[in-house]
2 protein chains.
Amino acid sequence: MTVTTPQGFRSAGIAVGLKSTGKPDLALVVNDGPAPASAVVFTTNRAQANPILWSRKVAQNGPVRAVILNSGGANCFTGDFGYETTKLTAEAVARELQDPTADHVLVCSTGLIGTGDQTFRDKIVNNVPQLTAALSSDDTTAPAAILTTDSVEKTEVHEGAGWTIGAMAKGAGMLAPGLATMLVVITTDALLDGDALDRALRVATGASFDRLDSDGCMSTNDQVTLLASGASGVTPDEAEFAAALAGVCDSLASQLQADAEGASHDIDIEVRGAASIEDGMEVGRSIARNNLFKAAIFGNDPNWGRVLAAIGTTEAAFDPYQVDVSFNGVRLCHAGAPDRPVEDCDLTPRRTHVMLDLFSGEHTVTIRTNDLTHDYVHENSAYSS
Amino acid sequence: MTVTTPQGFRSAGIAVGLKSTGKPDLALVVNDGPAPASAVVFTTNRAQANPILWSRKVAQNGPVRAVILNSGGANCFTGDFGYETTKLTAEAVARELQDPTADHVLVCSTGLIGTGDQTFRDKIVNNVPQLTAALSSDDTTAPAAILTTDSVEKTEVHEGAGWTIGAMAKGAGMLAPGLATMLVVITTDALLDGDALDRALRVATGASFDRLDSDGCMSTNDQVTLLASGASGVTPDEAEFAAALAGVCDSLASQLQADAEGASHDIDIEVRGAASIEDGMEVGRSIARNNLFKAAIFGNDPNWGRVLAAIGTTEAAFDPYQVDVSFNGVRLCHAGAPDRPVEDCDLTPRRTHVMLDLFSGEHTVTIRTNDLTHDYVHENSAYSS
C-alpha cells in the first residue's frame, strides 16, 4: 500500500497497451474525502505538455478529486488534438466517478514527446471504465503503472500521530531542478486546507526534487500532487506535517537518484560555507551539470580540478583560490592547491560524497546528481527507437 | 607554415617530456616586428590558471614579444609555486631572446588541472634555451607541440593584399563559450595598432569560439592571442582585416568542432527568427548543452521533442507552440505539433544541421556542438589515469 495507506483514498493501475511491453501504463488515484483539499506544483519549463496545460487550470478550481496518470506517451507538442485528448480523459474519469465536472480531475502523462495520436487517445479514454472498476482502497498496482524507464517502484509512507502520508513517484532520467522528469502523487488523511498543503508542499519540493539534478535536463511533464482527504479527522501541527512531508519527498528524491538511467554513482554534492542558499544551489548545480566532472566520477577519478573549473563559471560569492574540495571525506584541494594525493581517495563505492567549502557564509546546500556513463548514453540514444 | 607564414615571426616546437608519449609539448612564437602590436582575449572562467593570471598582466604591458605554450599540464590550482613557475618560464624566454623584461612574454599551458610540480617546472624552464635555439621563420613544428587529446593539428592561413594572417589552435574538449578549452595564436604581418587588433579580435572570437559549445564545460586556461609584426608595411582596411580575421577564427572553430573528443556528429544549431543575438545564443546553447538531445543525435534519432524541452528552460522571447524545428532540412515540428514523420530524416552523416525558427525577430545565430557518445564518456573518464 502506498497512496492508499492514508484513509479516504482508492487507486488502481492497469495495462491498456500504451507500453509496447504490455506492462501496466494507466493509473488512477481518487480522493474520497470527506474533506478533500489539494496542492500541486508543476514544471517550470515553458515547453509544457497538454496534461500540464490542463492540470494548471484544474489546480485553480479547488480541491482535486482524482489524478489519472499514464506512462507510454507524454502528450506534449501534440497540438490541439492532444489537448482535447487530455480533456476527454478527465471527462471520462469524472463521468465514471459520477462527479459533475472534469474540472477536478488532474491528468499526468509521461513518455516520448510528440506521442499522442488517435490510438493513444483511444487506449486511454476507452479504458477509463475498466480503470475505475479496478479502484481499491488497498491497491498496490498504481505505482508500477506510472513507470517508464524506471527499474523499480518508488514509494514512501510516513506514520504520524493519528494521520499518515503515502506517496508514489516515477522518474529515471531528465532529472533536473524545476522539477525532475517525474510524476509524484502524495496522499494524506490529515485534515488540512489547501493553503496549508500548498505551503508545506512548496517547502518540501524546494528542498528535495528541486535539488535533484541527474542530467541537467528539465521535463515538460512534471507534476507533484498532494491530496488530503481529512479522513483521519486529525489536524496535525503544521510544522510537524511539513517536516514529515519534507521527509517523504526527500526519500522519493533519493530513490529517483538511485534509479537514474545508466548511473553507476549516486553523487551528493555538499556545498558548505555559501553566502546564501541561492549561491549554494548555483555552485552545486554547476558541478552536477559538468559533463567532464560526471565522466570523471564514472572513471572513479576524483578530479577536483573539474570541480573548480565548473564553479568558476558561476556568479556565487567565493574566492576560487580559497576553496577546499573533498571526495568521500578526503580533502584533495586546499586553498586553491593540491592537498592530499588523489590516490588516497576511493571512488569505487556507488555512493559518492563531494564536499566543498566556499568559506563565504553559513549556508549549506546539497545537490544530488549521478555520473555520466556509457549506459546513460546508450539508454538515451536508443530511447525512442 | 602557419604562424610563420606572415613575415616577422619565428616559431618552434620541441619535446621536453611533459607528455608521457614523448611527443612535442613545448612551443614558442616570437614577434620580431618591426612594429609589434598585440591583442589577447582570455577565458571568462573565474577559476583561472597561473598562466592566465600572469598573461593578463602581460597583455596590459604593451605589445607582446613572445608566446610560450606547453601541453601536458595546465599549471592551474598549483598555488604560489605554480605562479612562480609561470614567471620563471617567461623570464627564461626573455633572457634567451635578450629582451630586457619578461613582461612582454605570454605563457599558455594546457593539460590536467593541478599539474605543476618541480619536475613540470624543470622540464619547461631548463629547456627554454633549446626551444629558442630551434626558432625558425619557416617552422612547421609548433602546431603539434600545443596539442593534448587533439587528433590533428589545427591551422589556418589567409592571404590579403600584401599582408597575411597565420594561425594555430589546439582544443578537443571542454569546449564552451567564454572560450573553448583551447589555445590559439594568430599572427599577421599587417601594420595595425593594438586597438585595431583588439577590436577585430573581439568581434572575431565572439562570432566563432564563443559560439562553439562542444560539451558545456568552460576551461581555466583559454587564451587567444593575436600578434602583428607590421613587417609587410601594409595597413589593410580595418573592415577588410576584421573580416579576414573572423574567417580565420571561424575556420579554427570548425576544426575544433570536427576534432571534439569522441564525437560522431558535428552539429550546427541554427536559431532563426530570434528577437536578439543574445536570445539566439541562449536558445542555441540550451540545446547544445542538453545531454538528452546530444545522446539522441548519437543514436541518429531526430528527437525534436528534446529540442523544445531544452529551449523551454530559457528566457528568450518566443512562443514554444509557434516554433518550427528541422533536422537536416526536414521540418519535423511545425507550430508545436509533429509535422513530417521522423523517418523522413537521415541523421547518419557526421555533419548535422538543426534549424529552428522562433518567429520572434530578425536575428540568426548558429551554435556549433557535438553529440554525446560512448567515446566521449570513455575519453573523459580515463583522461587523468
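Just so you know, glycine gets a Cβ as well, placed from its N, Cα and C.
Marked as active site, nucleophile by TrEMBL: A:THR181. Residues or ranges marked as substrate binding site in TrEMBL: A:THR148, A:LYS170, A:THR181, A:GLU261, A:ASN380, A:SER385.
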Within a 10 Å radius of its Cβ, which of these binding-site residues (A:THR148, A:ASN380) has the fewest neighbouring Cβ atoms?
A:THR148
A:GLU261 (substrate binding site) CB neighbourhood, other CB atoms within 10 A:
27
Chain B proximity: which binding-site residues among A:THR148, A:LYS170, A:GLU261, A:ASN380 have CB distances under 8 Å? Answer 'none' if there are none.
A:ASN380
Work out the three-state DSSP category of A:ASN380 (substrate binding site).
helix
Counting only residues 6+ apart in the same chain, whose Cβ is under 8 Å from the Cβ of A:LYS170 (substrate binding site)?
A:SER71, A:THR110, A:PRO143, A:ILE146, A:LEU147, A:THR148, A:ASP150, A:LYS154, A:MET182, A:LEU183, A:VAL184
Would you mind pulling the DSSP three-state label for A:LYS170 (substrate binding site)?
strand
